[in-house]
Amino acid sequence: MKAEYFTAFCLWICASAQIYKLMSQMDIYSSKLSPAVDFAAGAFLLIIAILSIVGNLLVLIMAFKHSSHMKPPELLSVNLAVTDLGAAVAMYPLAVASAWNHHWLGGDTTCIYYGLVGFFFGTASIMTMTVMAVVRFVVSLSLQSPKEKISRRNVKLLCLWTWLYALLWACFPLLGWGRYGPEPFGLSCTLAWGEMKEQGFSFVISVFSFNLLGPSFIILCCYFGIALKLYITYKSLDNSKNIPNIIKMHRRLLIIAVLISLGFILSWAPYGLVSLVSVVRGSEFIRPEVTMLPCLFAKSSTLYNPLIYYIFSKTFKQEVKQLCGRSNACHASRARNNITDNAIYLVCDGSRTENEEKVVATVAGRTTEDKLSSGKSRKMETRLNSFDSQ
């Protein structure tokens, strides 16, 4: 008799577990991961959120401190920091709370909000980097007069365009073209890739074309053109061992810009690939654990920009230390690095020394009279040197 009760009890436990599993599968906002994985994912997002908020706030503080000396194109760096800060503040706390709750909080309303905000800030970020690449390319074409090429008004209009463009794309799913939904692992919301194979496939193709592949191609072409311009400039110098400050500055800015763009594109590329597979094969084709990793990797992109500034900008690092009370020699060193560096990421710098103006003349192409006069000066200098040696 006892054996029968024990068997019935075991069957009841198994049936309850199966019912709970089926109910969890029916609940689209229930986590498909183990509690331990949920806790680890939440802890990772919390660290990324704190570092992103602190890092991008530091970038904005440095920009505010130097606002009177900022060149117009540098507003794009401020715009990029705002997009990263907005994503970290508006999205990550909800994701962390949902991960530790083992269930998405808020249901459909917060899911649509989270997906819309993520799509909005992500699009604004990559379009800002695209505009930044184009502006840097335009500036590099004429190092002689960058201020005349890019005005503050034009840069503000470009920043406004990135936000309006991102808002338009983020609103399309609300208007019926595409839709928002939970991720396959259940603890995040985004575009419902797996549900748009038949209805909304045109939206998927458009998103990948105009918000990922197209901007990435433009960024690649612009920075290749800038690198080619700097290479030609470097080769045109008479003494390649003594590289002028302006060339060093633009080379450093090129490295920073390329790293920022590559960091964003590479962090979102795995997520884009998984999303595309979900569209073609269905979201059930990929395990929930696999879909979670690219999602977390993409969210870490908000941290890359201030980290790159800190590593490659000497003045930014010094002023961050000064802000934390760790450096007293910042002002003295800033004067030495003013030509080749700045507190925030530069797109161009209008300040030049007399030697740098000669380099600009070499880059832009000097007139025949300039070449003749410079040739005469060198001949006269040679004669004086030979006279002194005698």
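Numbers here mean position along the shown chain, with the first residue as 1.
The backbone N, Cα and C atoms fix where each Cβ goes, glycine too.
Summarising the annotation, TrEMBL assigns transmembrane segment to 41-64 (among others). Beyond the ends of the transmembrane segment (41-64), by six or more residues, the same chain brings 33, 70, 74, 77-78, 81-82, 84-85, 87-89, 92-93, 95-97, 99-100, 187, 292, 296, 299-300, 302-303, 305-307, 309-310, 316, 319-320, 323, 343-344 to within a C-beta distance below 8 angstroms of the stretch.
For 55-309, the entry in TrEMBL reads domain 'G-protein coupled receptors family 1 profile'.
If you look up TrEMBL, you'll see 76-100 (among others) marked as transmembrane segment.
Counting only same-chain residues 6+ beyond the ends of the transmembrane segment (112-139), those with a CB under 8 A from a CB of the stretch are 73, 76-77, 79-80, 83-84, 86-87, 90-91, 94-95, 106, 146, 149-150, 155, 158-159, 161-163, 165-167, 169-171, 173-174, 180-181, 188-191, 211-212, 215-216, 218-219, 222-223, 225-226, 253-254, 257, 260-261, 264-265, 268, 301, 347-348. Per TrEMBL, the feature transmembrane segment maps to 112-139 (among others).
Residues annotated as transmembrane segment in TrEMBL: 160-180 (among others).
Here TrEMBL flags 200-232 (among others) as transmembrane segment.
TrEMBL lists 253-271 (among others) with the feature transmembrane segment.
For 291-312 (among others), the entry in TrEMBL reads transmembrane segment.
The compositional bias 'Basic and acidic residues' annotation in TrEMBL covers 370-382.
What TrEMBL records for 370-390 is region 'Disordered'.
Ranked by number of Cβ pairs under 8 Å to the transmembrane segment (253-271), the listed stretches 76-100, 200-232, 291-312 are led by 291-312.
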